[in-house]
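J.: Please find one structure pasted underneath; my questions will follow.
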Amino acid sequence: MREESMRRKLHNTIQELKGNIRVFSRVRPLLGDELLGMDSDVPQHINFPDPDKKILELEKLAGITPNEVCESVASVRRGSNNKYEFQFDRVFPPSSTQTEVFHEISQLVQSALDGYNVCIFAYGQTGSGKTFTMEGRGTGDNRGMIPRSVEKIFATRDDLLSKGWIVSYLVSFLEIYNETIRDLLVQSRSQADSTKHDIKLVGPNTNEVFVTDLTTVEVQHQDAVQVLLKRALENRSVAETKCNERSSRSHSIFRMKITGSNSVTAESCVGLLNLVDLAGSERLKESGSQGQRLKETQNINKSLANLSNVIMALANKETHVPYRNSKLTHLLQNCLGGSSKMLMFVNVSPKEECFQETLNSLRFATQVNQCNIGQAQKKVK
Ligand SMILES: Nc1ncnc2c1ncn2[C@@H]1O[C@H](COP(=O)(O)OP(=O)(O)O)[C@@H](O)[C@H]1O
Ligand SMILES: [Mg+2]
């Protein structure tokens, strides 16, 4: 039994040395019609120059209009030939498989199993591959990080049981649309439409929050998660008929609460694994938008900006962290900061016409990544 505690400690030390905030960038392949008229299926304006897979180079080829906002990004090293170089903890080129990507995050799933709170985000413009990364497609090789995380969690179950642990896995799945929480695991649509959800503190002396009247499902087998993902998809598509492409304008949070207790060693642990598919980060113009669309735009811009404010405040060790300025960070407040671990995927579209949005996304990611460096250095002291 001591052996397991030692392993947990060691694993956590390694994770801390790597930094508690990490950033990965993933470029999806060109698909379908996007390939028409192209010489190859790899984007020509995105390069992966280093063998260590940490650098992504964006190249402004002839014909792309320069943009002043991005020219002034100090953190971006701009070399000759209109090249912008970005460095992340890991860069995944278009040919990367879901298996390769999961390999890099599986250590964080292990941390959740060990009783830490973990948040994995997918950030990027609509169509860049966030949902493909998180949920994936089907049950085969293209299945995403959510089903693979659940599989990993179940793969350790027998071992834990044999060591005297009693474990339980509780899943919830919700979306935040226009600062309103919607339960994606409800059985009936009328229930989803009529139930109002609030975020409340679990108790007086904790920062742990819960969502009122939210469906939580105890998962007994790894395959059950596919049923839940399907139910969530149906609940989302119902909402979509009322407001098309709604899913790209909402954040979704898949959460697995892992509880373990061991009567032999008197140990217990609770870990929360959050897999967050963020709303599309494209800069939507507020001017010209009206009514519902304007409200959506403002809410997305506000909540994504607040997410980065929270990360900055944590990195700078500020006394006030503005968790409560948006539903997203309020809900995740006990999973960001402290001993929690965070990873952000910045998903990138390979389309050349998306150059500007790609630059914006990579810029955002670079800011987040700098928090990583700050924190990692502190640990080494
Ligand atoms: N790595 C990938 N390999 C193959 N297809 C992908 C990949 N990433 C995304 N896609 C496909 O590209 C399209 C857009 O991806 P999606 O995940 O829906 O984007 P987002 O959620 O960011 O709007 C989808 O049809 C998706 O299946
Ligand atoms: Mg999506």
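These residue numbers are counts, starting from 1, taken along the chain as shown.
Just so it is clear, glycine is given a Cβ too, placed from its N, Cα and C backbone atoms.
TrEMBL labels come from automatic prediction, so no person has curated them.
For 20-371, the entry in TrEMBL reads domain 'Kinesin motor'. Summarising the annotation, TrEMBL assigns ATP binding site to Gly124, Gln125, Thr126, Gly127, Ser128, Gly129, Lys130, Thr131.
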J.: Can you give me the same-chain residues 6 or more apart in sequence from Gly127 (ATP binding site) with a CB-CB distance under 8 Å?
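T.: The answer is Gly280, Ser349.
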J.: Where does Gly127 (ATP binding site) sit by DSSP, helix, strand or coil?
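T.: Where Gly127 (ATP binding site) sits, the three-state DSSP reduction gives coil.
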J.: Under 8 Å Cβ to Cβ from Gly129 (ATP binding site), same chain, six or more residues apart: give me those in sequence order, or none if nothing qualifies.
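T.: In sequence order, the residues whose Cβ lies under 8 Å from that of Gly129 (ATP binding site) (at least 6 apart) are Arg26, Arg28, Asn347, Val348, Ser349.
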J.: Can you list which of these binding-site residues (Gly124, Gln125, Thr126, Ser128, Lys130) have a Cβ closer than 6 Å to ligand 2?
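T.: The qualifying binding-site residues are Lys130.
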J.: Within the same chain, and leaving aside Gly124, Gln125, Thr126, Gly127, Ser128, Gly129, Lys130, Thr131, name every residue whose CB is within 8 angstroms of the centroid of the CB atoms belonging to the recorded ATP site, in sequence order.
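T.: Neighbours found: Arg28, Ala122, Ser248, Gly280, Asn347, Ser349.
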J.: Across all chains shown, how many C-beta atoms besides its own are within 10 angstroms of the C-beta of Thr126 (ATP binding site)?
T.: 17
